[in-house]
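Peer 1: Here it is: the structure, laid out below.
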Amino acid sequence: MNNGDVNNGTARTGRLATGLAPDRPNPRGAATAVRNGGGRVALADRDASSASAQPGQTADDPAVPSAPPSAPPSALPADPPAVAPAVSVDLPYDDLERLVSGAHHDPHALLGAHPHPGSDATVVRVLRPDARAVTVLVGPARYPATRLHSGGVFGVAVPGMLPDYRIEVTYPDGPYLIDDPYRHLPTLGEMDLHLIIEGRHEQLWKVLGAHPRALTTPGGATVTGVSFAVWAPSARGVRLVGDFDFWDGRAFPMRSLGRSGIWELFVPGAGTGARYKYEILGFDGIWRQKADPLAFHTEVPPATASVVFASDFTWNDGAWLDRRARTAWRTEPVSVYEVHLGSWRRGLSYRELAEELTAYVVENGFTHVEMLPVAEHPFGGSWGYQVSAYYAPTARFGSPDEFRHLVDTLHRAGIGVIVDWVPAHFPRDTWALGRFDGTPLYEHPDPRRGEQPDWGTYVFDLGRPEVRNFLVANALYWFEEFHIDGLRVDAVASMLYLDYSRPEGGWLPNIHGGRENLDAVSFLQETNATVYRRFPGAMMIAEESTAWPGVTRPTHLGGLGFGFKWNMGWMHDTLDYNSRLPIHRMYHHHQMTFSMVYAYSENFILPFSHDEVVHGKGSLLRKMPGDRWAQLANLRALLAYMWAHPGKKLLFMGCEFAQDNEWNESASLEWPLLDDPAHAGVADLVRDLNGLYRTVPALYQHDADPAGFSWIDANDAENNVFSFLRWSGEDPAGGVLACVTNFAGIGHEGYRIGLPFPGRWREILNTDGYRYGGGNIGNLGSVQAVEEPHHGLDASATLTLPPLGAIWLSPA
């Protein structure tokens, strides 16, 4: 992961003079209504001077109408105005002031259509700042409204009980015909609000965020638009800004739905592709523009607006999902190719990745891809680990449906998809989650729990039900909406320990006085249990770097409930051993054998991940000592040792062909190296390792079971040799594999090892073969085991071991 302290946001402390967002150009090139001959309106470019503009007024004046740019112009009939019922439409002055200032909790109670008490009339009130006139249209009848407040509140009474109507709003440049946003009931039901309050809404994304929809009026007319809903419980007011109101939210205050903390509004005429934000009057009295926490799409960074999006994708991966639901991955081959989409090959879109990445992964025999975080993030240098939009795949490579296409293509090719997920912390960008409603909302209010000092980020308040719900639902969202097969949860250790990376006195203990984060434990258990309940065959994977017990133990037995855990200890010990000169390795032999002491305490994945090839650590190849021949040979032996060792496999992109340079997220992998036979040989080896791994059950069937592994000789430190057997549950004669790795810089002739039974054993892998760029030192394809006990086994064979090489033997 990468968690540099990045803050790209700018606090919005007041209204802009032009009513425009600070990070986007003036959108006022949209069509504008102006008078034309015959008493009708026509469309003209908003950049042209309006015939009705006041002297000195320009198209950039804030008096430009707050109306959708797509609003159709109205006809101007010659009929005289209808006579409105003689009833009062006034409001208390305080209500009007709160309404126009954006601080009213329920603008729908004042605006829209309301039956007049004591008569059969309906009062219609409209908020349209900068409008010159407002007329309510009921069929052919026209009812001019009276200005109730200089801030743009108009009102009129019309005959009948809640008739269908539309509104004609006249601005300096002409009239617009609009539908009333304030005549509709909330789009969230009582059960939705109850579940949100309880923190148990498992499909939160279906009720919050922006949703194109069609609503029906009491008279049966259909009104299309977008419903918006956001959680901001301490806000004094929330307004909607976007392309549909020229980024001037005065005309679109939202209503609060009581103690749920949800603010909601349906905007007629808005549609897919519209950019928007919430303008929030915080508890501290400061206005801020905030991106939608549940945005499904965003602008391409560094722009920060949310984008209305509705999927119309058709999935074709039903066969894969059916197979996944029947698969127990603990006893299946899992070989993961970890990839950063932006730098695998620079410049590719999701659709291009679907073609090129899928073909590459299939060709090289991997079973899964794991993508570094794809949720939207403002700073590319964070590699995706500082997320600003948890529900939106990054727009850098295309739309959400194009990301769906990538997943669908991988599935149809038989490749599973794992995505990195970051529920531990989030960035401080002022337009994103931080201090969302003017208070610590998503983050813990106490900085000793709410801030991560190493990364300069905020930490989620996992004790708050709504925050837990936001994250649990987010995990479910990626499985349900994008058909992913697994989440790798980043930085779990930072979540589990209250004193993680904190000085003495810089952290708060739990209620028992300990350092365990009980809220995080409960959250992880809930997330894992819910995912496995709803998505059979899913994977939940922990990046957990400590010895926390029971990470992959089921939740009903007190564990965290993950399916797999990265074996960080194995990775560190193995790389440390292999970074030493062979002559010194005998003194560190235990580093390679220690992993088997705890190998069955969890369900492990062996990772050579992105974290090991950045920040000056060098590439995997450059970690190996010696000259170039020795580095390549050592890397080949190490990879074979990894594939033979108990545990699922994960290899970061570029390592499969021995990239020279350490990874750089702003550059493509060093693909020209594949023209070098030495690097092509490493690629061939990885391809063959994956092929053998998928076809030899002994290599994967009992990864988490002691019955699947036994040492031949764990103690040959003098020769730097490790030999062991892998077993499957099949007939012993065909269900065993002998793996011997020589990490010495010299070969060994006449090296005797014990084997479980006599007979011919085929050499099915030799990393020193010519095919892989080696010297072809080996055993001519097979060895003969004789009935001479050795190493506590009934038979033995004499081998030739290549320098810095590994061989695998299988009964013939």
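Indices start at 1 and increase along the chain as displayed.
The backbone N, Cα and C atoms fix where each Cβ goes, glycine too.
Quick paste from Swiss-Prot:
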ACT_SITE  D490  active site, nucleophile
ACT_SITE  E543  active site, proton donor
COMPBIAS  1-11  compositional bias 'Polar residues'
COMPBIAS  49-64  compositional bias 'Low complexity'
COMPBIAS  65-83  compositional bias 'Pro residues'
REGION    1-83  region 'Disordered'
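What's the neighbourhood like for each of these?
Peer 2: Around E543 (active site, proton donor), a 10 Å sphere centred on its CB holds 21 further CB atoms from the protein chains shown.
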Peer 1: Could you tell me the C-alpha distance between E543 (active site, proton donor) and D490 (active site, nucleophile) in angstrom, no decimals?
Peer 2: 5
Peer 1: Mind giving me a neighbour count for D490 (active site, nucleophile)? Other Cβ atoms within 10 Å of its Cβ, every protein chain shown.
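Peer 2: The answer is 23.
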Peer 1: Quick one: what's DSSP say for D490 (active site, nucleophile), helix, strand or coil?
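Peer 2: Looking at the DSSP assignment, D490 (active site, nucleophile) belongs to neither helix nor strand, so coil.
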